[in-house]
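Working notes, structure below.
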Amino acid sequence: MENRWQVMIVWQVDRMRIRTWKSLVKHHMYVSKKAKGWFYRHHYESTHPRISSEVHIPLGDATLVVTTYWGLHTGEREWHLGQGASIEWRKKRYSTQVDPGLADQLIHTYYFDCFSESAIRNAILGNIVSPRCEYPAGHNKVGSLQYLALAALIKPKKIKPPLPSVTKLTEDRWNKPQKTKGHRGSHTMNGH
């Protein structure tokens, strides 16, 4: 029988971002307790030699698993050091990979206080609402005019240390194409 290959998306990430991600996850799991229910699996708890860590984030009856890797083949640049991350959504026997933006949105539907559009309705009804969003990485669209006005009124409070964002983990110089000036002044286009 021949070898069977399984292809999966792994975002190339430098090791310092992975270290930051791991320490933020551990801080919010054990110190601030904002990541309640999250499970951190160390490299020595995995049977796969390339896995450096796994973070299991319960989302209702599903789970989001952020896996970091080491010892991967390097890319074409010298700073592609063989580190990476993959993001997988699992429910029972079904699993699929998700992109970092969707992962942050999924996390935000279950974790971290938010002043969202539903909060405007609750405030009008006289209910007490959270005055700010702790996890802006979980929003990828522009809010309503009411939301933008209230958000401008209440300045976001910087959380030290920041909450762990999957988008921040995977964004880097080789995952986001560099913006360059076009031939018409300041218009931008993707450069290669």
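If you go along the chain as it appears here, the first residue is 1 and each next one adds 1.
Any Cβ shown, glycine's included, is placed from N, Cα and C.
Here is what Swiss-Prot records for this protein:
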{"type": "REGION", "residues": "14-17", "note": "region 'Interaction with host APOBEC3F'"}
{"type": "REGION", "residues": "74-79", "note": "region 'Interaction with host APOBEC3F'"}
{"type": "BINDING", "residues": "His108, Cys114, Cys133, His139", "note": "Zn(2+) binding site"}
{"type": "MOTIF", "residues": "108-139", "note": "motif 'HCCH motif'"}
{"type": "COMPBIAS", "residues": "176-186", "note": "compositional bias 'Basic residues'"}
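Helix, strand and coil counts from DSSP across the region 'Interaction with host APOBEC3F' (14-17) read 3 helix, 0 strand, 1 coil.
Counting every protein chain shown, the Cβ of His108 (Zn(2+) binding site) has 21 other Cβ atoms within 10 Å.
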